[in-house]
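Trainee: Input: one structure, supplied below.
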Amino acid sequence: MNSLRIIARPAGVCIARASLRTTATSPLAAAAHYYNSSNNRFTNNTNSCFSYYGARRTMAIASKIKVKNPVVELDGDEMTRIIWKNIKDKFIYPYLDIDLKYYDLGLEYRDETNDQVTLDAAEAIQKYSVGVKCATITPDEARVKEFNLKQMWLSPNGTIRNILGGTVFREPIVIPRIPRLVPGWEKPIIIGRHAFGDQYRAKDLVAPGPGTLKLVYTPVNGEPQEVDVYEFKNGGGVAQAQYNTDESITGFAHASFKLALSKGLPLYMSTKNTILKKYDGRFKDIFQELYDTTYKKDFEAKGIWYEHRLIDDMVAQMIKSSGGYVMALKNYDGDVQSDIVAQGFGSLGLMTSVLITPDGKTFESEAAHGTVTRHYREHQKGRETSTNPIASIFAWTRGLIQRGELDGTPELVQFAQKLEQACIDTVDIDGIMTKDLALACGKKERSDYVTTNEYLDAVEKRLKDTLAKL
């Protein structure tokens, strides 16, 4: 195997795997054994996975939709964890006969298992093809101190994405009643974020004093290739080495071209290849070659196109445009631009985020926002909160749609689509919305918005009314 190294002393990390055991003799007993309703957690700390199938109470519904194959559920942290449970209680358990493979990615349990639970969750998504994920904490120095963590664990999103590969596509949830912060954006802008490598798997170091920084590539058969990077003379500094692979870039390109074709939208790939001539140039060359040899005829038949543009030029054009295209971006660029697009369309709470592998089978959906710590602190004080749950609901619905399409169960797809429409209509037609959306509409009075639970109740009522008409 070829190797690439930056000369530095690596720090070793030991990963220990938790054993999986329970003394429960039935699904219902297992639920009682693992679930603690007082803190919304599964509390047997030796188990990283639990299947909900048959273990939760059923509700009085005439008939539930049978979900043929399991869905992997990844629980999260803080306010979104609470909302996640409420979504399941209102919209999943009452309507679906579903086998949920549960993994607790709450920060405390990741720390307890030395992050093994994150690796197990990613492997489960590979096995069952579909995962739905709640927002999670990526710890910084303050979080390490707050939770007394063993170490500053990596982003679970980054870990999962690097195991699964694929591309993260983020698309705004457009609600006509909610005004755009960028008024000219009339059509969706879909951000395709390459979910592998670059800064998110980089190695960095602090050079404490004068010295030489070198980059060394050692091929399997051949002499090492050495590049002088920098000579630190007057004091130290910092350095970073990052990478990507032809295989991953090619998969990114395939996924981007296929999504653009499925949406009937033009595709723009953006890099800074004028500066990173070899690194970003590799992205540009692979995309162009694939387009010319594989996708050009299909694009032209649909009246759409592919074009590479410099990232700074593309960002300027994005602000001036009316939308209606897909942007394929490297990992960091996609991370930043997806938040800009979400806010420009009205709210970070109005953005879907799905990871799709090149074969179109392995799929993970999540909310594009964080754990809403500020609201969680208010919740801990017993105060009411008005947190937008729409993106978390769509994390479930997009996963269910993928599950239904893979399994050939159109009734599951239709149910998920009706739930999405109920979320939109509750805001757009009924005018019932959380505080962030009310503020986007220029409304500041308490009577202009509802609490999280009140919004969920309104969506539940609209969904029931819709289903009752069928």
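Keep in mind that glycine also has a Cβ here, set from the backbone N, Cα and C atoms.
What TrEMBL records for this protein is below:
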type    : residues                                                                                       : note
BINDING : Thr136, Ile137, Thr138, Arg143, Lys320, Gly370, Thr371, Val372, Thr373, Arg374, His375, Asn388 : NADP(+) binding site
BINDING : Thr138, Ser155, Pro156, Asn157, Gly158, Thr159, Ile160, Arg161, Arg170, Arg193                 : D-threo-isocitrate binding site
BINDING : Asp312, Asp335                                                                                 : Mn(2+) binding site
DOMAIN  : 70-459                                                                                         : domain 'Isopropylmalate dehydrogenase-like'
SITE    : Tyr200                                                                                         : site 'Critical for catalysis'
SITE    : Lys272                                                                                         : site 'Critical for catalysis'
Trainee: In terms of Cα spacing, which of the recorded positions Pro156, Ile160, Arg170, Tyr200, Lys272, Asp312 are within 10 angstroms of His375 (NADP(+) binding site)?
Mentor: none
Trainee: If you count, for each of the binding-site residues Thr136, Thr371, Thr373, the other Cβ atoms lying within 10 Å of its Cβ, which residue has the minimum?
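Mentor: Lowest Cβ count within 10 Å among the binding-site residues (Thr136, Thr371, Thr373) is Thr373.
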Trainee: Could you state, as a whole number of Å, the largest distance between Cα atoms of any two of Thr138, Ser155, Pro156, Asn157, Gly158, Thr159, Ile160, Arg161, Arg170, Arg193, the listed D-threo-isocitrate binders?
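Mentor: Farthest-apart Cα atoms in Thr138, Ser155, Pro156, Asn157, Gly158, Thr159, Ile160, Arg161, Arg170, Arg193 are separated by 20 Å.
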Trainee: DSSP three-state call for Lys272 (site 'Critical for catalysis'): helix, strand or coil?
Mentor: coil
Trainee: Checking the spread of the NADP(+) site as listed (Thr136, Ile137, Thr138, Arg143, Lys320, Gly370, Thr371, Val372, Thr373, Arg374, His375, Asn388): what is the longest Cα-Cα distance, in whole Å?
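Mentor: 39 Å is the greatest Cα spacing among the residues binding NADP(+).
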Trainee: Of all the recorded positions given, namely Pro156, Gly158, Lys272, Asp312, which is spatially nearest to Thr371 (NADP(+) binding site) at the Cα level?
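Mentor: It is Pro156, whose Cα lies nearest.
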Trainee: Over the domain 'Isopropylmalate dehydrogenase-like' (70-459), what is the model's mean pLDDT?
Mentor: 95
Trainee: At a 10 A cut-off on CB-CB distances, which of the binding-site residues Pro156, Gly158 has the highest count?
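Mentor: Counting every other Cβ within 10 Å of each candidate, the maximum falls on Pro156.
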Trainee: Helix, strand or coil at Thr138 (NADP(+) binding site), per DSSP?
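Mentor: Thr138 (NADP(+) binding site) sits in coil per DSSP, no helix or strand.
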Trainee: Measure from the CA atom of Arg170 (D-threo-isocitrate binding site) to the CA atom of Lys320 (NADP(+) binding site) and give the result in Å, rounded to a whole number.
Mentor: 20
Trainee: Sort the recorded positions Gly158, Tyr200, Asp335 by C-alpha distance from Thr136 (NADP(+) binding site) and give me just the closest.
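Mentor: Checking each of Gly158, Tyr200, Asp335 against Thr136 (NADP(+) binding site), the shortest Cα distance is to Gly158.
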Trainee: For Lys272 (site 'Critical for catalysis') and Asp312 (Mn(2+) binding site), determine the Cα separation and express it in whole Å.
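Mentor: Cα of Lys272 (site 'Critical for catalysis') to Cα of Asp312 (Mn(2+) binding site) measures 8 Å after rounding.
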Trainee: Can you tell me how many other Cβ atoms are located within 10 Å of the Cβ belonging to Ile160 (D-threo-isocitrate binding site)?
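Mentor: That number is 24.
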